[in-house]
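K.L.:
Handing you a structure now.
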Amino acid sequence: MSSVTSDLSLTENITTIIRPPYFYISGFTGIPNMEYYYVFLSLIYIISLVSTKQPIGANLVIILPCSPKYIAVFNLAFTDLCESTAQVPKLLDMFLFDRQFISYDQCLANLFFVFVFLTMQSFNLIILSYDRLVAICYPLRYHMIVTPRSMIQLTVSGWVFAVLIVLIAVGLITRLSFCRSVVINSYFCDHGPLFRLATPCSDVLPNLVMAKLLPCIVLYIPIIFIIASYIYFIALCTYCTDTFCRIRAMKTCTSHLTLVAIFYLPVIFTYLLQSLIQTNARIINLSLTSVLPPMLNPIIYVLKTEEFKVSAKRFLRRVAQREVCPVKTT
């Protein structure tokens, strides 16, 4: 379908801006039997739904006494669920049922929601990194610095900023004219492949600037902050003479470091080497990055926490007591 072009007789011409009635999502090209890969993604999505549902319920119980850390953990689980839901169902509908045409408005909506949730996932990891930094470096002042109110303020600020920058990116696309190809070489309405379609017809310099700015805000600056926080943390550990203290401090960070590696490394690798990576490889990398973290995050982070373990043991103990001593009915 690389020959698919916009039909000018069907386009909506508003003040010389040519908007096609549809776009065509190409997905994978030249690879047979890719329906099995889409089924694989659907299975991961189902597992992520099941695994995320339980930690969200557990975190609600923990959040009730207003634990600052688990406000961020709950927001991470919620964002993971929203991000995978924004991508996977539409992806399966397009490629398993051969519905790869998407309207102009639906494409922009898909772009907006996918990028908002991806951005918020990155901001959540920054918030968790800040929480760990304060907890380890300033343990005596932790409850004065990190409060439920401050954590809610950070989370809300992250959402507002994520929505704002993605709205700007989407707004810049609405000023473009698409007078030639309408084929998007991706598996969803990706920002880069979308605005580059308007290169022959419009000035895409503002969009190109936003395409360079978004990875800096969403990927590079957050990962630099996280790396710097752990360098500072390691430097502090070198002054600690107690080996048990060092091991315990490192154990508190393993979950967060694992989440950081799973989320950032594949995406940063893809963006830095996008000119050298084939389209199919880029799609596989980004699609797996969108579904694997929502499945693994609840297992890696929530299920390893002491609070969750205690809550789970209490719940299982209550269930066992009810089975041993059933309530008598009259």
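Cβ atoms are placed via backbone N, Cα and C, with glycine included.
If you look up TrEMBL, you'll see 36-52, 59-78, 108-130, 151-173, 217-236, 257-277, 283-303 marked as transmembrane segment. The domain 'G-protein coupled receptors family 1 profile' annotation in TrEMBL covers 41-301.
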K.L.:
With a Cβ cut-off under 8 Å, give me the same-chain residues at least six positions beyond the ends of the transmembrane segment (108-130) that come close to it.
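P.N.:
Non-local partners: 69, 72-73, 75-76, 79-80, 82-83, 86-87, 90, 102, 146, 151, 154-155, 158-159, 161-163, 165-167, 169-170, 173-174, 188-191, 194, 214, 217-219, 222, 225-226, 229-230, 256, 259-260, 263-264, 290, 293.
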K.L.:
Using a Cβ cut-off under 8 Å, which residues of the same chain at least 6 positions beyond either end of the transmembrane segment (283-303) come close to it?
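P.N.:
Hits for the transmembrane segment (283-303): 27-28, 37, 41, 44-45, 47-48, 51-52, 54-55, 58-59, 73, 76-77, 80-81, 83-84, 87-88, 91, 114, 118, 121, 186-187, 255-256, 258-259, 262-263, 266-267, 269-270, 277.
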K.L.:
Given the model, what does the mean pLDDT over the domain 'G-protein coupled receptors family 1 profile' (41-301) come out as?
P.N.:
83
K.L.:
What else in the chain is close to the transmembrane segment (36-52), if you only count residues 6 or more beyond its ends and a Cβ gap under 8 Å?
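P.N.:
Residues 28, 77, 80-81, 84, 88-89, 91-92, 95-96, 284, 287, 291-292, 294-295, 297-299.
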